[in-house]
Structures are given as structure tokens and as C-alpha cells.
């Protein structure tokens, strides 16, 4: 059921991109957006891990406490060993990326190594490895890529509105209402779809992570510390299209950022974990 729901949401996201292309350029724009969606999905499949790691200037490691924890989890649960990266960020956070369990990467900030105990770090990495195990990372990467393209088209539409038209519509008068809907509705709709995909999979990864590390309290304690640290010191220069990939929401502030978070409430995640029996 969760797989069918995710497929449906990804279809909605792709159709939204096609609609945005149609609003910008008529039938030709819709066809271009459809081709772009196919190319972007293929690109996300093959290169999403490299793109996201490069975006946050990740450094691959083959030793140290983070590598040791990931290696222990993989050996204990017979999982393929992913590449391990450290991000030069003081704010504690982590994410996973890649196209499948054999071609995956996990990344954590320098700050997380200063804040969490080894058990808590194991809980966080178990959560990320659960994403890897269930291929959530590929779905999240594709969703982030398409949502970013929709936001880009909406930004272009703002300029089109300023200069009086679509520039490539089949009619001369254009469609001001369609342009307005694209500017306002498309980014919001893309964010809502991302939120729906991310929230259900975060709860599942929490459960899976607890199973992988053997103690749900490891992750519960880590989430409590991570949420507090990110509230006090938000991560700078976060790309909104990739925010859903992190274990806790790196975007902070009021308005839409808090109302339409791609992450479930941390308090609820902690409550569910603490109510789990030791596995």
C-alpha cells in the first residue's frame, strides 16, 4: 500500500511539472517538460548521490567513529557497505542518498559527531540505513529533483508576468490566470507532495532503524538532541529541494517553513519510538 501511494504521489509530481511546462509554453512546453521529467528522473537515478554530496561539500572517509558505526550496522544486518561522508557543517544532521543499496551513500555533519554518543549515532545511522534498505533514497532524490524544476519554472513565470506574457504560448493573449496559478500554486503543490512522501517514509525509517540497531531509545535520544541543536543553530545555506532528505528538518523559521514541514513532528517520532518494545 505504501509503495502504491508513493507511485501515485510521484506521478502527481511529474504531471505537475508537465502542467507547469504547458502554462509556460503551450503544447510545446508541456512536451518539453515531459521530456525533461524523463531526463531528470534518469539523471537522478544515476547521479543523485554525487549531486547532493557535492552540493554539501561532503568528504568521503574510510575510518573514524562514523565509518565504524556504519560498518558495524552493515555487518550485523548483512547489508552492503555504503560510502560514508562527513559534511563540513557545525549543525548536527545526517542523510542518505543513492539509487539502491549497492550504490548508496550516508552522510553526517561534523557537528553530529560532537553532540551524539556512539549509541545515539548508531540510532541515526540505522535510520539512514533503513532508508537505504527500502530504496527511499532514490524516491526522495527524484522527488527533490522534480520539485526543484517546478520551483524553477515558477520563478521563470514571475519574470514572464513582469514582461507581459509567456513568450511561447499557442495564443497571443496568453493565460494570465494560468500564469498566476503557476507562480502561486505549483511550488506549494510540489512541496505538499514532497511532504506526503517524506512523512510516511520517515516514520517507517524510524521503525526500521530501531530494528537495525536493536534499541529504539538510541534514535529517540538522538532525535531529541538533534531537534534542540537545529532549533538553536539552523544549518546555513540549505537547498529547500533537499531538506526532506535530512533526519531532522534543517529549515527553521515561521510561516510556510514550519506549517508545511517535510518532516513529521519530532515529538511524535520520539513518542512512537519510546512506545516500541526493545527489538
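Glycine is no exception: its Cβ is also placed from the backbone N, Cα and C atoms.
Just one of 202, 227, 240 is listed by Swiss-Prot for the same Zn(2+) site as 127, 131, and that one is 202. Record note: among 95-115, 137-157, 137-157 is the stretch given as transmembrane segment by Swiss-Prot. Distance noted between the C-alpha atoms of residue 128 (active site) and residue 202 (Zn(2+) binding site) is 10 Å.
Remark: of the recorded positions 128, 202, the most isolated position is 202 (fewest other Cβ atoms within 10 Å of its Cβ). Highlighted in sequence order, 96, 128, 130, 136, 201, 204, 205, 206, 208, 209, 247 have their Cβ within 8 Å of the centre of the Cβ atoms of 127, 131, 202, the residues recorded for Zn(2+), and are not part of that set.
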